[in-house]
Every structure is written in structure tokens, then in C-alpha cells.
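Asks: Quick one: the structure is below, and I'll ask about it shortly.
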Amino acid sequence: MTEFHLQSQMPSIRLIFRRLSLGRIKPSQSPRCSTSFMVVPSFSIAEHWRRMKGANLSQGMEFELLGLTTDPQLQRLLFVVFLGMYTATLLGNLVMFLLIHVSATLHTPMYSLLKSLSFLDFCYSSTVVPQTLVNFLAKRKVISYFGCMTQMFFYAGFATSECYLIAAMAYDRYAAICNPLLYSTIMSPEVCASLIVGSYSAGFLNSLIHTGCIFSLKFCGAHVVTHFFCDGPPILSLSCVDTSLCEILLFIFAGFNLLSCTLTILISYFLILNTILKMSSAQGRFKAFSTCASHLTAICLFFGTTLFMYLRPRSSYSLTQDRTVAVIYTVVIPVLNPLMYSLRNKDVKKALIKVWGRKTME
């Protein structure tokens, strides 16, 4: 009987609570009514619930990029400089990629790796520089939550892939100088393709872990990134939860990637140096060393800046230093790589002259 009575009263109860939630019921003005209450509108409850859920609401979230400078005149100057360097990066790496692709004389393992390096420089520079150019001229230097996550994923993927590819190029030089008679067997097309695919796989696996770890955190307050693109350390500093576990995980993976690549390079060049010193001819030693000069320069630039940037404690980060180093490995190195590998390489220059002569004759 009681159950039936409650069911019959449910419509009235729902109506009362609906009016309560909308703030439409007010206390009686009658003096006999001594009860008073305060109605909290449903909008306030919803707003409070959104705040309680945490700050990681991806819909509509934006990150404000602090950029390189706040001086408008300097921003316009940097826009011109960055645009010129980015154009040189695109043209230089595109020419190198196409030249190796169309020249039959360059279809060797060494140039296949160099072709992949040009592609990586083209790609990872393109994940950062276009957004930076837009922000130089924009009043609000913002990037969406998903845009920031996408930029970090592809940047980390291409940069880590390049780290492994440079190590593969060191192994290729070891095979060519220390085992010239077995070079075609050691660096067969299958092995070369495996090294390239392995570099990309390792790079994007690391990127998936890197990006997933950082963007699983909650971000609170002002989403101001103290950088000109979405990089790991500045984004981590915005989190409102404990990031120590994430930092340890990222440090382990970054350390493993850099340590494995660095050891491969050091062992390869130790064996190369040992072989060169045993050569009786001074001309032979010079020729062998000259084939490694461009690669050694690329190693010093890329690994020097990367080790400085990512294998430091968080407490030692300096905003000015980090921005300067980031400009070197995102803007300067991709410009220099095709120049270093082409200006000092006779095979590349011959192929370029041959292709250029063929085009002019047509």
C-alpha cells in the first residue's frame, strides 16, 4: 500500500525538484512560515562539477606559446629569418631526396640512408617551423590541445628516428671502411631497408610513449607554454599533479635511445679510427677520413644539442638556453645537413651536374 502511494506521488515529487533546481520556488512570505532555505541553481552545480572533474577537458582547451620574444619588431625580423631558413630547408632536403632517387649512381646503401635523413629533416622541421611563423605575426600565440599533442607526437617521432638513423649511418661507414670486401653483403638492400624501417619504428614507438605519458596528465591554471613549440619539459611544468613518475619514465626512454645510439656511433668510429691508423698510405687515410667528416659534423651538432636538452635534471632548465638549443636542432641543423653532405661529396656533385645538364639539354 505504501509502495503504491509513493508511486502515485512521484510526478509531484519530480515537479518540486525540477523547480528547486531552476530556482523557481521561493520561501513563503507568511509570518507563520519560519523555515528558510537557499536554492542553488543547476547552472552553478554543473559549473562546480566541471571544475571538480579536473582541468584536462580537451574540448576547447588551448595552450598559449610564449614564443622567442615579445618585441614586435624583433618578431618581424625573426619571421623573415625563419622563413628564409625554412625555405632553404625544404629546397635543400627536397633536392637531395630527388637527386638520390633519380640518379642510378647513388643507389647505394649509404645514399639510401642519406635520402631517409633528408626526408626526416624535411618532416620534423615542418612540424615546428610553420606554427612558429604563424605565431610571429599573430596577436594570440595559441595552439589547440589536439594540435599540441599532434605536434609533439610527430616531432618526437621524427627526431628520435633521426637519432637511430644517424647511428645506422655510422654502422654503414664502419662496414665500408673496415670491411670493404664484405660491404655489399653486410649492407645488402635488405639490411639497409631493415635499418631504415627499424629507425622509424623505434622513433614512433618512443613518441607514442612520450606523448601518451605527458598528455595523460591533468593541466591546471593558465596554459602558458614557455617555449615556441610543444616540447616535453615545458608541457610537463603545466601539470597540476605529481609528474615524478612520468619524468622518470621519459628519462629512462630518452636515456636508452641516446645511450644505444651513442654507443653504436662510438664503437663504430673507434673501429674506423683503428683501421685508418693502420693504413700505410697517407692518401688512403685522408680519403677514408674525408668520407666520415660530414657525418661526424652532423653527429656533433645533433647529439650535442639533444644530450644537452633532454638529459638534464628539470631544476637546471634555463628558458633562454632551451630556446637557443631548440632553434639549433629544429631550424639550423635541417638547413646544414644537405649542405654538409653535398658540398663535400664528389658523387653528389657529379650526379647534380649530370641531372642539371640533362634537364638543360631537354
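A Cβ is built for glycine as well, from the same backbone N, Cα and C atoms used for every other residue.
What you see is a predicted model, and the numbers here were worked out from it, not measured in a lab.
As listed in Swiss-Prot for this protein:
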TOPO_DOM  1-79  topological domain 'Extracellular'
CARBOHYD  Asn56  N-linked glycosylation site
TRANSMEM  80-100  transmembrane segment
TOPO_DOM  101-116  topological domain 'Cytoplasmic'
TRANSMEM  117-139  transmembrane segment
TOPO_DOM  140-150  topological domain 'Extracellular'
DISULFID  Cys148-Cys230  disulfide bond
TRANSMEM  151-171  transmembrane segment
TOPO_DOM  172-194  topological domain 'Cytoplasmic'
TRANSMEM  195-215  transmembrane segment
TOPO_DOM  216-247  topological domain 'Extracellular'
TRANSMEM  248-268  transmembrane segment
TOPO_DOM  269-290  topological domain 'Cytoplasmic'
TRANSMEM  291-311  transmembrane segment
TOPO_DOM  312-322  topological domain 'Extracellular'
TRANSMEM  323-343  transmembrane segment
TOPO_DOM  344-362  topological domain 'Cytoplasmic'
Asks: Who are the chain neighbours of the transmembrane segment (80-100) in space, where the CB to CB distance is under 8 Å and they lie at least 6 residues beyond its ends?
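Replies: For the transmembrane segment (80-100), the nonlocal Cβ contacts are 106-107, 111-112, 114-115, 118-119, 121-122, 125-126, 129-130, 132-133, 136, 331-332, 334-335, 337-339, 341-342, 348, 351-352, 355.
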Asks: How about long-range neighbours of the topological domain 'Cytoplasmic' (269-290): same chain, 6 or more residues beyond its ends, C-beta under 8 Å?
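Replies: Answer is 170, 173-174, 177-178, 296, 344.
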Asks: Of the listed stretches (117-139, 151-171, 291-311, 323-343), which one yields the highest count of Cβ-Cβ distances below 8 Å with the transmembrane segment (248-268)?
Replies: 151-171
Asks: Using DSSP and three states only, what is Cys148 (disulfide bond)?
Replies: helix
Asks: Does the transmembrane segment (291-311) reach the transmembrane segment (323-343) with at least 3 CB pairs under 8 A, where each pair is 6 or more residues apart?
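Replies: In contact, yes.
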Asks: Over the span of the topological domain 'Cytoplasmic' (172-194), count residues by DSSP class, listing helix, strand and coil in order.
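Replies: In the topological domain 'Cytoplasmic' (172-194), the DSSP-based counts are 20 helix, 0 strand, 3 coil.
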Asks: Please list, for the topological domain 'Cytoplasmic' (269-290), how many residues fall into helix, strand and coil according to DSSP.
Replies: 18 helix, 0 strand, 4 coil
